[in-house]
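Notes to accompany the following structure.
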Amino acid sequence: MTTIVSVRRKGQVVVGGDGQVSLGNTVMKGNARKVRRLYNGKVLTGFAGGTADAFTLFELFERKLEMHQGHLLKSAVELAKEWRTDRALRRLEAMLIVADKTESLIITGNGDVVQPEEDQILAIGSGGNYALSAARALVENTDLSAREIVEKSLKIAGDICVFTNLTHTIEELSE
């Protein structure tokens, strides 16, 4: 699988992910870009799960953003509804983290749209719990920037999770 983590701190939101694509117990690719910008660079997205499924969801989410003039929550809810109810989409296995300058969300195929705790940290994928734990500890105990926290959290997850590597893609937005 993978690790995607998002941290919002001091006027910045950062989403980062590793680059490993696995098929069973085999590493197929080590430098995949699982974090992207959508909607003219105003929205950051990262996926965990099937690569082909994620690209389908990226395209669909971008259409929802265009339809709702970039309103992140409305677009996420509409994507989650369609993902849950459409027969073809329901088979897609992936999770998304999406973020703009003001909010961050997780979108799942079960129709869930999850907002973060007060700490504004989100993580998904096989190494998500490791990255989430690391990010929370770093936010609480350091003055590191959001980007530095994402970098360190991905490194920790990559050191622990066999489905997460140390090749990272990181995108950020500032308020």
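If you go along the chain as it appears here, the first residue is 1 and each next one adds 1.
Including glycine, each Cβ sits where the backbone N, Cα and C put it.
Copied over from Swiss-Prot:
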- T2: active site (ACT_SITE)
- G158, C161, T164: Na(+) binding site (BINDING)
Measuring Cα to Cα, tell me the gap between T2 (active site) and T164 (Na(+) binding site) in whole angstrom.
5
Sequence-ordered list of residues in the chain of C161 (Na(+) binding site) that lie 6 or more positions away and have a Cβ within less than 8 Å of its Cβ, or none, is T3, S126, G127, Y130
Residues near G158 (Na(+) binding site) in space but at least six apart in sequence (CB under 8 A):
T3, D18, G127, T164, N165, L166
What count of other C-beta atoms do you get within 10 angstroms of the C-beta of T2 (active site), across all chains shown?
29
Residues other than G158, C161, T164 within 8 Å, Cβ to Cβ centroid, of the Na(+) site?
T2, T3, D18, Q20, S126, G127, Y130, L154, A157, D159, I160, V162, F163, N165, L166
Inside 10 Å of the Cβ of T164 (Na(+) binding site), count up the other Cβ atoms and send me the figure.
30
